[in-house]
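Annotated in TrEMBL:
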- 19-31: compositional bias 'Acidic residues' (COMPBIAS)
- 87-97: compositional bias 'Polar residues' (COMPBIAS)
- 163-340: domain 'Amino acid permease/ SLC12A' (DOMAIN)
- 452-734: domain 'Amino acid permease/ SLC12A' (DOMAIN)
- 748-866: domain 'SLC12A transporter C-terminal' (DOMAIN)
- 870-1136: domain 'SLC12A transporter C-terminal' (DOMAIN)
- 1-97: region 'Disordered' (REGION)
- 995-1025: region 'Disordered' (REGION)
- 163-182: transmembrane segment (TRANSMEM)
- 194-215: transmembrane segment (TRANSMEM)
- 236-257: transmembrane segment (TRANSMEM)
- 292-309: transmembrane segment (TRANSMEM)
- 316-335: transmembrane segment (TRANSMEM)
- 455-475: transmembrane segment (TRANSMEM)
- 495-521: transmembrane segment (TRANSMEM)
- 541-559: transmembrane segment (TRANSMEM)
- 595-613: transmembrane segment (TRANSMEM)
- 619-641: transmembrane segment (TRANSMEM)
- 653-677: transmembrane segment (TRANSMEM)
Amino acid sequence: MPTSFTVVPVEGGRQAAQDNDDYIVLDEEKDAVDLSPRPLSVSWEQTPGSEAGADAEPAQDCAEPGAMDHGQGSRRRGDGIPKESSPFINNTDNDTGTLYDRKNMALFEEEMDSNPMVSSLLSNLANYTNLTQGVIEHEEEDDDEGQRKQTVKSPQMGTFMGVYLPCLQNILGVILFLRLTWIVGTAGIMESLAIVSMCCTCTLLTAISMSAIATNGVVPAGGSYYMISRSLGPEFGGAVGFCFYLGTTFAGSMYILGTIEILLTYIVPSAAIFKAEEKEQEAEALLNNMRVYGTCCLALMALVVFVGVKYVNKLALVFLACVVLSILAIYAGVIKTTFDPPNFPVCLLGNRTLKNHNFDKCLKTEEVGNGTVTTKLWQLFCNSSELTAACDKYFELNNVTAIQGIPGLMSGVISENMWGSYGPVDTLVEKKHYPSIPAADSSMDINLPYVSNDIATFFTLLVGIYFPSVTGIMAGSNRSGDLRDAQRSIPIGTILAIVTTSLIYISCVVLFGTCIEGVLLRDKYGDSVKGNLVIGTLSWPSPWVIVIGSFFSCCGAGLQSLTGAPRLLQAIARDGIVPFLEVFGHGKANGEPTWALLLTAAICESGILIASLDAVAPILSMFFLMCYLFVNLACAVQTLLRTPNWRPRFKFYHWALSFLGMSLCLSLMFISSWFYALVAMVIAGCIYKYIEYRGAEKEWGDGIRGLSLNAARYALMRLEEAPPHTKNWRPQLLVLLNLDSELAVKHPRLLSLTTQLKAGKGLTIVGSVLEGTYLTKGLEAKRAEQNIKSTMSTERTKGFCHVVVSSNMRDGFSHLIQSAGLGGMKHNSVLMSWPGSWKQGVDHACLTNFVETVRETTAAHQALLVAKNVDNFPANQDRLNEGTVDVWWIVHDGGMLMLLPFLLRQHKVWRKCKMRIFTVAQMNDNSIQMKKDLQMFLYHLRLDAEVEVVEMHDSDISAFTYEKTLVMEQRSQMLKQIHLSRTEQEREAQLIHDRNTASHGSSHGSSHDSSYDSPNAKSDATPDRVHMTWTKEKMFSERNRNREVNVGVRDLFNMKPEWESLNQSNVRRMHTAVKLNEVVLNKSQEAHLVLLNMPGPPKHRGGNENYMEFLEVLVEGLNRVLLVRGGGREVITIYS
């Protein structure tokens, strides 16, 4: 739908435009610009009285702050194309108060520091140019006055010159001239058409997907690597980009091997260094010659590329002309065969094809004068030239026949070439349906001059060998910086080039099968026609047209590969996504990738050492197919996600076509070679995981991130439907951290414990609170998040981090407990450290925050884990030797106490520790039966643990307990008074007096307990407090026993006057804490970790200090303690 824009003139606009002219228009004198990859941003800097770019290079003006010069600063990290700082192509960091000093726009003056005027934005976009990635050299030297400026010329290349011809040159090449005739002869016309159709369909579908991506906005040069990395993310981009680099490099090896094969086989065979004395050694000699000459050719080409790419670019049209002339010569030769077929006889012995190198006449004997003499062919099969000599049996039984190798278009030979003729290695090339008398002994055939298969042939092999002939479709997108209208030229030029080359290949398959004899088609090296290039025998006016044309074509393609591959590697290195490749981002002063060229030459040499074009072709097929697969995947993902930014100008695409292309690429990979396909996938997978764990963080708005968001949304919606079953329950942790004054984590070992408990599974949310307002503490909150994330990375804690700014710490932690998480992905457990400073009285809020957190987790039905002495907990690098993890199971909490040690023991730190479970029996409990029942329970839970039942006998309350209680109450009063105002102190003193009087009068007569020293609390101690027994009946019996002990204690010793005023509920609780602590210390003092039921908090806040004191006494003397409070639901089950 067209959109209309209206430009409204304002007063003073003319003057503004006049002032801006000098600012916006680029200096005509500019001579040199940095052509390395740049961020998509345009400089707005302008100082009064100066012209744009007069003192600074434009490339530096466009750089983001902190990433100024790519050659010095950011190349150390490899940020060739750093993350865009804005969704628009602008950067207004240096604009303050220069362009917008006008009264008309005063309403927006506050925003103009960060947002440009539309007129300025459009002016800068009009002057933006998309520069190509490294093909143009910077060879001009600085003059005496400073660095000269180069005019930024608008790209002028159209569809034909900029896309169509480069794609045509890259697609048509060595396979067409050296292997297509052999493929047609071996596979037959029908199967060859199937191979060509599959490969061309694959590239056509890929071109459609590529066109959609390339027209979805400005595509800087970089080809498929840029498109994949920006569409699928840095991990996929780096992996596939590296595979594409390897494919381009091995393509260079293939072209060099093709060059040497043409040179040594068809141009100067006498130049071979290694000579074969016997037929068995011919193949090995050829391979060694290929290695020697290939290495020399590679060194020469690498030197040419190093000295100057401009020479390669200038010769590109020459190489393209060679390709076009060769193809025209083929079609001309086909037309000529209709009325004057060329004379290339093929000699057959029986139905076997003979190598026509060492004889000139296809005769056994000939009449010379009045006598019969033998020919050179006779001497090849007999032990002498005499007519009575002993000859090969097959030679004696069969006649020699000469047939035309090129019978012509109207000969009807197409019927013989319709179907394939596969065979194992050393299979003789025989003419079908031709008379032949087999010999009894064929063991010596290998040493005779027969034409045979040098490799085993089968359909899938031919697919792998042929596919490189359809690669090169990315040539247009690689030159996007040179195009006048890239979004129009790339789709049209690329698709037209593919259609053209597909028609050429299909027509060649049909014409070769129609014009050339089948035995000659299967003769790979033209041995049956005196070593001529098979496709050359069909051409007109001379076979040398094809030979010379294909030679220069292969040379040019090899040079193009050695030019493009290092620049692709340099682009990946400068992106900084693969750290170990950073060194290859450096180069010469003019930007030439020297180190990348060295690595490319080394990899290319490994391909040359293989020495066989047929073995190298499937290798590069794998890498190109993987690249095309991910181009299709990128288009499909973007289309299905329907991201708002996906608006390609090329409309003839569909996600189904992309998926079809992707499926075809994957199928062709495994059809060609399942082994190479797996190797390519392993290489890509290793690069992917390396980037994921060690690579630089990049945010390119890729489709995989959008896919992840959609998948996460779908999963969250599913999780919202119902709570998790007990079998799926695992602790989803909210870790509450405290920060110091420097906003660093106070207790990093709490994150270590989180890692050991989670082992990377489930949800982990790490939260903290800053006191203040978000407007004033926003930056500090972000810095705190970075510090926490850094600590999480150090402690290998996988999860999310969130720092809340609140008016007070209490509310902040409350907000985290209530609102952390999203939908079904919410925490069910809270992990925090013990407030070690609560006794000092300096920070009373610390105590209050802790107890309130305990209350809120209980109210929210969330489990609570409190780590005491957390700094003594083991780090992730530690390995605890033989020892125990002791569980003290006092009250049933849903099985949380038994599940936690099992989870801990999954981690390497705790793996060697044994689990022990202790439970407490009262006087009327059967300890032996309890132990048996508990062992059976653990057996059904599939938990391996030692079980021990500890009996706690009734005992009198000791003087030590009274003294402890007295000190506790005195400290509690003191802590309260420190934080009370004068009026509150008076009120509190009165309340304390009233309470002491009331407790002195009623401590022995009351049948109810007050709640943790709460002055106004009713005597309503409910059974859900600290249940030290298994059942409600046992709890009531314990209370009765405690009251009896309290009444009878006066008979045991003289009560001190201070003890008279003590709250007896606190005395009993202190007694329980002391006795239980004695038992725990006796059994578990040497344990690596003690897990203990955490008593519930008092319902009234007046007993907070006493509650903390009880907990201190309970765990006193233990090194590592994890207090556990269940969330009110079963978390472990005996069922499968």
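Note that Cβ sites are derived from N, Cα and C of the backbone, with glycine treated the same way.
Those TrEMBL annotations? Automatic predictions, nothing curated.
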Winner by Cβ pairs under 8 Å against the transmembrane segment (619-641), considering only 163-182, 236-257, 455-475, 495-521, 595-613: 236-257
Long-range neighbours of the transmembrane segment (455-475), counting only residues six or more past its ends (CB under 8 A): 163, 166-167, 169-176, 179-180, 183, 186-187, 191-192, 195-196, 198-200, 202-203, 206-207, 210, 223-224, 247, 251, 254, 420, 422-425, 427, 494, 497-498, 501-502, 505, 614, 617-618, 620-621, 624-625, 668, 671-673, 676
Feature contact check the transmembrane segment (163-182) with the transmembrane segment (292-309), CB under 8 Å, 3 or more pairs: no
Among 163-182, 236-257, 595-613, 653-677, stretch most in contact with the transmembrane segment (495-521) (C-beta, under 8 angstroms): 163-182
Criterion met for the transmembrane segment (316-335) and the transmembrane segment (163-182) (at least three Cβ pairs under 8 Å): yes
When counting Cβ pairs under 8 Å to the transmembrane segment (541-559), the leader among 163-182, 236-257, 595-613: 163-182
Across the domain 'Amino acid permease/ SLC12A' (163-340), average pLDDT on the 0 to 100 scale: 87
Distal contacts, the transmembrane segment (653-677) - CB-CB under 8 A, six or more residues away: 198-199, 201-202, 205-206, 208-209, 211-212, 460-461, 463-464, 467, 618-619, 621-622, 625-626, 628-629, 632-633, 635-636, 639-640
Within the domain 'SLC12A transporter C-terminal' (748-866), residues counted as helix, strand or coil by DSSP: 61 helix, 26 strand, 32 coil
